[in-house]
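Structure record follows, encoded as structure tokens.
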Amino acid sequence: MNNNHKIIALIGLLMLEMVQNSVASVVSTGDFDKDFFVIWSPSHVNTSSDGQTRSLKLDQESGSGFSSNQMFLFGQIDMQIKLVPGDSAGTVVAYYLTSDQPNRDEIDFEFLGNVDGKPYILQTNVFADGFDNREERINLWFDPTKDFHTYSILWNLHQIVFMVDWIPIRVYRNHADKGVGFPRWQPMSIKVSLWNGDSWATNGGRDKIDWSKGPFIASFGNYKIDACVWKGNARFCRADSSTNWWNKERFSSLTSTQRRYFKWVRKYHLIYDYCQDNQRFQNKLPKECSLPKY
């Protein structure tokens, strides 16, 4: 069996596990107009007549963004995204959960555009109690501008798992009992935006946006929100119940198949890990860096 067939087979196993393990509590309608509201530049947000797809535009006038109507505490969010094609240097597509508090919790996907012909970089980050500095970066193993791909966040009492097409690319475990910050009390909304990040996003800010290549368009669709809707009671969302399937013990760590994929991503596609940046932290790496990821 060649490598491509192995990858296809493993993805099939991952998707089967997801279907078998998910006792659905889906709260999304699949309609962007019903589940989200525009928070930034309505003239730069375009939604299909059936509400199933949405695009964001960035030009010299403005970027754009939208947010979920509801807030959530734990669950899984899937969003299909097709990123800005061509020369996208300096652009940032952000897809994230945030509590919007001064001591905010946040779980971030940030897609950093690049000059034409060079790979997109996917940066992930976790804020806990207002503190971040937990960036990781990978090179994606496909062209994310050619078609839609699924980007998922599984967030429960045990762990946060970032996934690309069901492949776990990052795990951030709950080590709160050891003094490590973990998002576990603050509800978060889903936010998506496209904006000008050319002060830092591409080649350390040296590659700026070429506005002559604009406008820049990112597209979104086929999302799924399977999460606990915040109604003011954290205990309800933290409970282990048939509705809150994500809190069950079998989701407390990666499966054996997921671990194989996770190790593959770390070996071949990881390009930055804050836990390996001794210079940045002056040889005092954050506590979670020495603790198990699963």
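Every residue, even glycine, has its Cβ placed from backbone N, Cα and C.
Under the heading active site, nucleophile, TrEMBL lists GLU106.
The active site, proton donor annotation in TrEMBL covers GLU110. Sequence-distant neighbours of GLU110 (active site, proton donor) (same chain, 6+ residues apart, CB-CB distance under 8 A): VAL92, VAL93, ALA94, TYR96, LEU122, GLN123, THR124, ASN125.
If you look up TrEMBL, you'll see 16-220 marked as domain 'GH16'.
Annotation source TrEMBL lists signal peptide at 1-24.
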Note = On average, residues of the domain 'GH16' (16-220) score a pLDDT of 93
